[in-house]
Amino acid sequence: MEKKKSMFVEQSFPEHEIGDTNKNFDEDGRDKRTGTWMTGSAHIITAVIGSGVLSLAWAIAQLGWVAGPAVLMAFSFITYFTSTMLADCYRSPDPVTGKRNYTYMEVVRSYLGGRKVQLCGLAQYGNLIGITIGYTITASISMVAVKRSNCFHKNGHNVKCATSNTPFMIIFAIIQIILSQIPNFHNLSWLSILAAVMSFCYASIGVGLSIAKAAGGGEHVRTTLTGVTVGIDVSGAEKIWRTFQAIGDIAFAYAYSTVLIEIQDTLKAGPPSENKAMKRASLVGVSTTTFFYMLCGCVGYAAFGNDAPGNFLTGFGFYEPFWLIDFANVCIAVHLIGAYQVFCQPIFQFVESQSAKRWPDNKFITGEYKIHVPCCGDFSINFLRLVWRTSYVVVTAVVAMIFPFFNDFLGLIGAASFWPLTVYFPIEMHIAQKKIPKFSFTWTWLKILSWTCFIVSLVAAAGSVQGLIQSLKDFKPFQAP
């Protein structure tokens, strides 16, 4: 039998020496990178404007008109400031001509080394796993919201319309199993652009509905400078815990430092240099998301007041027009399908690259096979990729089914990852790269910023843990709420 008639054809790819540059390969021997600051911005917007935007009205309600926007702006500034430091560390020791570092861990190894590399890996991959679980929860909530919205429209708003999240988590997992066979970040640009468009759609719909609700008057909506009122809305202890949790939710809403290096590794070599292109992408991405966050958070709070739901599109702050709310929730689900891939690709590539280094001659791990699909063309299949990525998606879906707590889960992820990944490591690497003298003015204020963010992360984590404990008391897994 001729080899070309076989469904599977093993591929053999030539090795390319570092420095072998031509139109198909970069100086490190890898396929030529084609990303620009615009595709980088799309990746960032996909990563940042995620499920976090939906809880911002609730977060502003806990903090009030003064502290709410102030905390949003503070996290925005800190995230952009430290992302510029991280962008300069993609190459080492020189940010323009140095050796490429392909992952966050490699960057930390180049500049800091030692035990900090393991701590970075624990924080980064733990955070990425948590985010993919959180996105599974959120996507299923949005899918359920479509079904419940139609039920309310048909039967009235007083009907319970209880629907289990579990079947929709299974649907989401099946889609992710298929998309997870996309080999790497370099093939994700189209999905990120689609997801970014979806995020603009549902954020705009949420803002529009909030403006219409606030302008329409109706029932009295109570907002205050300090948020929910002790003795009326909550007890003193609840106010403290909710404030901490709201800070964690806002921190989560700016989570993209975990994938910044992987995004930067998709950008083509200059001019402009990768670090300049990444800084521009970060500026556009963070500015755009902050604008939408301010709109969604503040307009949502104006519409719902201190009774703002934890997720203002699925918590049924709105019932009509039901078709528009359905469309917004479909946009959320589509966006999170793409966002899930942005955050899980670094996990996939870490396991696969480590396996290939340890067992380079194992065909199960390193073999690539071409499969011809009628009407669709040829696809490359790797058995490790197929088994490992499928298993990962299934496990995250099962965990999401057991712990479907939206706000508390987001707050805990944000609190646990914000300080080490967004603040501590970028600042420490910047100090090492620029050789900033200890106890100098710059060194001192960078350390003050780092420790301040550490304290904020601690209190936010405490609030989220308390919220999870409260949610677990009456929860029964795999059942409709």
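Using N, Cα and C of the backbone, Cβ positions are placed for all residues, glycine too.
According to Swiss-Prot, the protein carries these features:
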| type | residues | note |
| --- | --- | --- |
| TOPO_DOM | 1-36 | topological domain 'Cytoplasmic' |
| TRANSMEM | 37-57 | transmembrane segment |
| TRANSMEM | 58-78 | transmembrane segment |
| TOPO_DOM | 79-125 | topological domain 'Cytoplasmic' |
| TRANSMEM | 126-146 | transmembrane segment |
| TOPO_DOM | 147-167 | topological domain 'Extracellular' |
| TRANSMEM | 168-188 | transmembrane segment |
| TRANSMEM | 191-211 | transmembrane segment |
| TOPO_DOM | 212-242 | topological domain 'Extracellular' |
| TRANSMEM | 243-263 | transmembrane segment |
| TOPO_DOM | 264-283 | topological domain 'Cytoplasmic' |
| TRANSMEM | 284-304 | transmembrane segment |
| TOPO_DOM | 305-321 | topological domain 'Extracellular' |
| TRANSMEM | 322-342 | transmembrane segment |
| TOPO_DOM | 343-385 | topological domain 'Cytoplasmic' |
| TRANSMEM | 386-405 | transmembrane segment |
| TRANSMEM | 409-427 | transmembrane segment |
| TOPO_DOM | 428-447 | topological domain 'Cytoplasmic' |
| TRANSMEM | 448-468 | transmembrane segment |
| TOPO_DOM | 469-481 | topological domain 'Extracellular' |
Interface check, the transmembrane segment (409-427) with the transmembrane segment (448-468), three or more C-beta pairs under 8 A: yes
Three-state composition of the topological domain 'Extracellular' (147-167), taking helix and strand from DSSP: 11 helix, 0 strand, 10 coil
Leading stretch by Cβ pairs under 8 Å, where the reference is the transmembrane segment (243-263) and the options are 58-78, 126-146, 322-342, 386-405: 58-78
Close approaches to the transmembrane segment (386-405) from elsewhere in its chain (Cβ under 8 angstroms; 6 or more beyond its ends): 129, 132-133, 136-137, 140-141, 165-166, 169-170, 172-173, 176-177, 180-181, 344, 347-348, 351-352, 467-468, 471-472, 475, 477-478
Beyond the flanks of the transmembrane segment (168-188) by at least 6 residues, Cβ under 8 Å: 31, 33-35, 43, 136-137, 139-140, 143-144, 262-263, 265-266, 333, 336-338, 340-342, 344-346, 348-349, 379-382, 385-386, 389-390, 392-394, 396-397, 400-401
Beyond the flanks of the transmembrane segment (126-146) by 6 or more, those residues with Cβ under 8 Å of it: 50-51, 54, 163-166, 168-169, 171-173, 252, 255, 258-259, 311, 313-314, 316, 325-326, 329-330, 332-333, 336-337, 339-340, 343-344, 346-347, 396-397, 399-400, 403-406, 409-410, 412-413, 416-417, 421
Contacting positions for the transmembrane segment (191-211) when only residues 6+ beyond its ends and CB under 8 Å are counted: 39, 42-43, 45-46, 49-50, 53-54, 57, 179, 182, 292, 295-296, 299-300, 302-304, 312-313, 318, 324-325, 327-329, 331-332, 334-339, 341-342
Cβ contacts under 8 Å made by the topological domain 'Cytoplasmic' (428-447) with residues that lie 6+ beyond its boundaries: 85-86, 88-89, 92-93, 95, 107-108, 111-112, 116
